Amino acid sequence: MMEKMVFGRYIPGDSFVHRLDPRSKLIFVFIFIAAVFLANSTVSYALLLAFTLMSIFASKVRIGFLIGGLKPVMFLIAFTFLLHIFFTKEGDLLFELGFLKIYEEGLRQGIYISVRFLVLVLMTSLLTLTTSPISITDGLEVLLNPLKKVKFPVHELALMMSISLRFIPTLMDETDKILKAQLARGSDISSGTMKERIQAVVPLLVPLFVSAFKRAEDLAVAMEVRGYRGGEGRTRYRQLKWDWRDTTALLILLAVIVALWFLRG
Amino acid sequence: MERILSLQDVRFTYTPDDADGRHAVDGVSFDMQAGEWIAVVGHNGSGKSTLARLMIGLLFPQEGTVGLFGDTLTEDNLWEKRSQMGMVFQNPDNQFVGATVQDDVAFALENNGIPFEEMTLRVRDALRQVKMDTFLDHEPQHLSGGQKQRVAIAGALALRPRLLILDEATSMLDPQGREEVIRVILELREKTGLSVISITHDLEEALLADRVVVMNGGRKFAEGTPQEVFLKGESLTALGLDLPFAMRLSALLGEQGIGTEPGTMTERKLVEQLWTLRSNR
Ligand SMILES: Nc1ncnc2c1ncn2[C@@H]1O[C@H](COP(=O)(O)OP(=O)(O)OP(=O)(O)O)[C@@H](O)[C@H]1O
Ligand SMILES: [Mg+2]
């Protein structure tokens, strides 16, 4: 089940989108999210959808994979679509079957909302699918850098994020080990009443927390020994490079926004 | 010969407020020359890690001084001294900071403000020295313990340190990983003349050192070449220490009337004596 999940997953590759700088991708997605709310006519929504499909194409991520991995979201989209269809009672009556009445406006709103939802989900998934979490962190750190002036701990937050990312697999392994160790001692978290199950989780969490704290302490010492004393005077090993691709991507987005503006109903 | 480390009557307790608190390190003195390899052995809780922490300024002694590269270690010169030393700890997972091998090796360089171009060279160089240069983009969870420890050593080497401290760096590894790490350190020492302090429970590792320091209850119990130290035999086992395998074997052989030279410590020497046993008579 975990394998099919698209959310937060990164699939390495070397497509146009993969090779974009994380900064331009982040800016792109943020502007795109805002731009989605410009659309209000059938053509503008069609443009959004077409643009999204084009972006997916440029990333070489298989659409089938993307849709399949976003199944839970697809259900949600279908659900909102149906809500609109059944409960908006404006415009001409299109279809009637017993108590079921579908109106033109309902159909239109249903489609609009679904498309809006869909392009938002697809674009943000595309960001995480084509950018490694650590690059996203790097990009965010650089983009948020101006906030340092108002004493916002940008570097510390970025470091925290990257260390958390680094330790997720380690802690997963650890959880697995503890789970097996407790199973061997006769603990059972997959049956019994809710209360019993919650009680059975405690012997999992306690050792996990203890070991996480121990790791944090060790890591802090290891970092200090290696000369870490905050962001001041540090250089960066991971360099971000803005090239023609990034400028092109943002220019295309600009063109789309202008077009959206003129296609508004 | 340059003296790079000198401990003088160093005393440290974790509980200074406690009037009769035990000292974790109690009046320890020793010197170290550039290029030396010193092994520190001792039972659990004998103060070995505390000693290492004092050397790199994670802790400061309540009494006595720690001298590094000719100066006394103080709060003021701490970071400058630290940039000339590396330390590798026991748990391979808990000291891997970067997302990938190369990021991790670069961490100390970033902290010390080394420019990017220089960093890329040094990262590659350090990884080549520990034979991990084909793993640049590997993530820690896809590496073995021995590989992670070699990366940790590369992370320390990237700063071109003069002194490398290993606090049980091989103790969580399987025999193969242990051998990999030890071989790398031996080679490094030969090539670059790095000084090494290795805290270890592995006596075969201690035998490789130029000098062995035995800790007991926070005090220095003995100091000398591995030969000198392990010849104390009985008094070491009384501290809960083991003796090298070859020594134990040669003692048992002695009981069976097969005399070998006293002070035979490595397996190779023992084997040599055994197969020449008859021809010598
Ligand atoms: N953070 C701490 N706070 C209080 N006491 C400590 C702390 N760390 C170590 N000690 C105590 O100091 C003494 C020396 O510990 P140290 O860790 O230096 O021993 P060690 O020789 O490294 O042992 P091991 O072989 O188990 O690693 C022990 O008695 C220990 O209980
Ligand atoms: Mg220790």
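The backbone N, Cα and C atoms fix where each Cβ goes, glycine too.
Heads up, TrEMBL stuff is auto-annotated, nobody curated it.
Per TrEMBL, the feature transmembrane segment maps to A:26-51 (among others). With a threshold of 8 Å between CB atoms, the same-chain residues lying at least 6 positions outside the transmembrane segment (A:26-51) that come near it are 20, 108, 111-112, 115-116, 118-120, 123-124, 127, 136, 139-140, 143, 249-250, 253, 256-257, 259-261, 263-265.
Below 8 angstroms of C-beta separation, residues 4-7, 9, 53, 56, 100, 102, 106-107, 109-111, 113-114, 117-118, 121-122, 125-126, 129 of the same chain, each at least six residues beyond the ends of the transmembrane segment (A:63-87), sit close to that stretch. Positions annotated as transmembrane segment by TrEMBL: A:63-87 (among others).
The annotation transmembrane segment is assigned in TrEMBL to A:107-129 (among others). Counting only same-chain residues 6+ beyond the ends of the transmembrane segment (A:107-129), those with a CB under 8 A from a CB of the stretch are 6-11, 17, 25-26, 29, 32-33, 36-37, 39-40, 42, 45, 48-49, 51-52, 55-56, 59, 61, 66, 69-70, 73, 76-78, 80-85, 88, 91, 94, 136.
Listed by sequence, the residues of this chain that lie at least six past the ends of the transmembrane segment (A:244-263) yet keep a Cβ under 8 A from its Cβ atoms are 16, 19-21, 23-25, 27-28, 31-32, 35, 38-39, 41, 43-44, 47-48, 51. The transmembrane segment annotation in TrEMBL covers A:244-263 (among others).
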